[in-house]
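K.L.:
Here it is, the structure in full.
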Amino acid sequence: MSSVTQLFKNNPVNRDRIIPLDFTNTKTLPDSHVWSKPEPETTSGPIPVISLSNPEEHGLLRQACEEWGVFHITDHGVSHSLLHNVDCQMKRLFSLPMHRKILAVRSPDESTGYGVVRISMFYDKLMWSEGFSVMGSSLRRHATLLWPDDHAEFCNVMEEYQKAMDDLSHRLISMLMGSLGLTHEDLGWLVPDKTGSGTDSIQSFLQLNSYPVCPDPHLAMGLAPHTDSSLLTILYQGNIPGLEIESPQEEGSRWIGVEPIEGSLVVIMGDLSHIISNGQFRSTMHRAVVNKTHHRVSAAYFAGPPKNLQIGPLTSDKNHPPIYRRLIWEEYLAAKATHFNKALTLFRC
């Protein structure tokens, strides 16, 4: 059982907080979805763009992690046709009528299936979004509920995408951890698991997100501000803007829009990378906003360390003592499930 699966079993969510609003039949913004708190100013910013095919740009990865905690990658090896197919299948999924989608609704103690994002439990107001979580064999089980006789194409596309993300995440984590001084021997756990046991490989899951057209986007929130609990997140955001990050220079006072770049993917550093780098890599606060004219979809792939692997700061020395204690991912996920964006502070030395 993966750390993420165990987390959901140990921290079940009230079923009333799982099923999203039927957005198709909602013409005005209900009070349950009105976020009245004034939001900080949003601007555009020079988010780093790094080509993975250019060795001269690999040195920019660490700088991007330290200064931004988020960056675009191009020439990543994931074909445009696969990204297009993923986009089409997400829209196919989320365009289903509500009575069909709830056939695959996740149970209160389950980590996969259809429903609202888990972080909604930390807010009084609801978010203008819906999601579909995928992990392992759950994909075909839930897809069969949605399309009893026509699920093969959806499953094949998502399985191909998960495999591409597995390969890309291994490559990225190796490069990023290498920039902190780790050797190939240190990163033995990054070798892709060929046995199917999952004991010598990263843990991962895929979150498909839908942000429907909103009647009053200035008062709504697609995805509330948060950091990710992973090592890193690889995000496909299509060609419609919506992702915003907290300004590294003006935290809490300004948001920066991450404009889509055709064919690129966005990498967001997670809390575990912040811990491993002893605070050098930023775990960036980010959110998703909605709009009045376009239905936006995104696919977020979360990568974490193997189950029961202890991690801790790797770059500490006598001049820079460790600021976080060692932990396993399951332990951190449990803290995040209770303390949300304050979880990092619990692991300080």
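Just so you know, glycine gets a Cβ as well, placed from its N, Cα and C.
Dumping what Swiss-Prot says about this protein:
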type	residues	note
DOMAIN	201-305	domain 'Fe2OG dioxygenase'
BINDING	HIS226, ASP228, HIS286	Fe cation binding site
ACT_SITE	ARG296	active site
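Can you tell me where each of these features sits in the structure?
P.N.:
Listed in sequence order, ILE119, MET285, HIS286, ARG287, PHE340, ASN341 are the same-chain residues at least 6 apart in sequence whose CB falls under 8 Å from the CB of HIS226 (Fe cation binding site).
Sequence-distant neighbours of ARG296 (active site) (same chain, six or more apart, CB under 8 Å from its CB) are SER210, TYR211, GLY222, GLN237, GLY238, ILE240, GLY242, ALA288, VAL290, listed in sequence order.
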K.L.:
What is the set of residues, excluding HIS226, ASP228, HIS286, whose C-beta falls within 8 angstroms of the centroid of the C-beta atoms at the Fe cation site?
P.N.:
PRO225, THR227, THR233, ILE268, GLY270, THR284, MET285, ARG287
K.L.:
What number of additional C-beta atoms lies within 10 angstroms of the C-beta atom of HIS286 (Fe cation binding site)?
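P.N.:
Looking across every protein chain shown, the total is 23.
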K.L.:
Just to be sure I understand, if DSSP states are collapsed into helix, strand and coil, how many residues of the domain 'Fe2OG dioxygenase' (201-305) fall in each?
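P.N.:
Taking each residue of the domain 'Fe2OG dioxygenase' (201-305) in turn, the totals are 9 helix, 43 strand, 53 coil.
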K.L.:
Under 8 Å between C-beta atoms and at least six apart in sequence, can you list the same-chain neighbours of ASP228 (Fe cation binding site), or say none if there are none?
P.N.:
ILE268, MET269, GLY270, ASP271, SER283, PHE302
